[in-house]
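Okay, so here's the structure we're looking at.
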Amino acid sequence: MQLIDSHCHIDNEKYTETPEEIAIKAKSHGVKAMINVGYDLNSSKNAVKLSVKIPQLYSAVGIHPHDAKKAPTGYLNQLAELTKNQKVVALGEIGLDYHYNFSSPEIQKKVFKEQLQLAYDLDIPFIIHQREAVGDMLEIIKRFPKPPQKAVFHCFSGSSELAKELITMGYYISVGGPVTFKNAKKPKQVAKDISLENLLVETDCPYLTPHPFRGKTNYPHYVKYVVEEIAAIKGISKEEVASKTLENTEQLFGMKVNSL
């Protein structure tokens, strides 16, 4: 069974292992490829450097809504420059997060719209982070043309109804560790209701560790537990889920994983 982790942060300070060690372990557990996602300029630059060093690692560059207030002058040009590297497959993660409001909603919206416009200008896929900001999120993305299946809502936590609406707008839905949680009704319902054609899988490691390791540090190879849970919910084989979500990730990000 070949796996892919469409969203991870293997250079996070929570790890005692090096990114190289994490990648080796992931590969030994059948993880064919991973996308390491930036959250500010420095982490984005580091994500690119690591993806150049580690064959099965790709990268995404962007300003997370938490860090929107720290976006420096000229940051869009710097992000655009980073996307020229062939291992960069997306702009992200970008979006809105009103749970903590580390950056004010107004600044978040400004930086999100700027990066969204950049993604359209560069014709590059993008990864959206959304938490407790559905209304403003929908208002913003509806101002832009329909992305031709080149965008994803990562670690989706909304309802099946919202997921279906986003799919009609051209977005993929990515499912992470919470789908394995006993009382996670919404993620399980999404996994049941949404066609495999529209799903991606991820860990968002080191966060959101799936059962049976919940509460501990997450790793890319734990994506297999996400795959297994989706398979159980849908009543299909884990191999089918793994194969199709890998194919979807390749299609979305323009990756050729089997060439690695």
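The backbone N, Cα and C atoms fix where each Cβ goes, and this holds for glycine too.
Residues annotated as divalent metal cation 1 binding site in TrEMBL: HIS7, HIS9, GLU93, ASP204. Annotation for HIS9 (divalent metal cation 1 binding site): same-chain Cβ neighbours under 8 Å, separated by at least 6 residues, are ASN36, VAL37, TYR39, SER43, ASP204, CYS205, PRO206, TYR207.
According to TrEMBL, the feature divalent metal cation 2 binding site maps to HIS129, HIS154. Around HIS129 (divalent metal cation 2 binding site), the same-chain residues at least 6 positions away in sequence with a Cβ under 8 Å from its Cβ are HIS64, PRO65, GLY92, GLU93, ILE94, GLY95, LEU96, ASP97, HIS154, CYS155. In this structure, HIS129 (divalent metal cation 2 binding site) is part of a beta strand by DSSP.
Within 10 Å of the C-beta atom of HIS7 (divalent metal cation 1 binding site) sit 28 other C-beta atoms, taking all shown protein chains into account. Most Cβ neighbours within 10 Å among the binding-site residues GLU93, ASP204: this distinction goes to GLU93. All chains included, 24 other C-beta atoms sit within 10 angstroms of the C-beta of HIS154 (divalent metal cation 2 binding site). The divalent metal cation 1 site, placed at the center of the C-beta atoms of HIS7, HIS9, GLU93, ASP204, has further neighbours from the same chain whose C-beta lies within 8 angstroms: CYS8, VAL37, ILE127, HIS129, HIS154, CYS155, GLU202, THR203, CYS205, TYR207.
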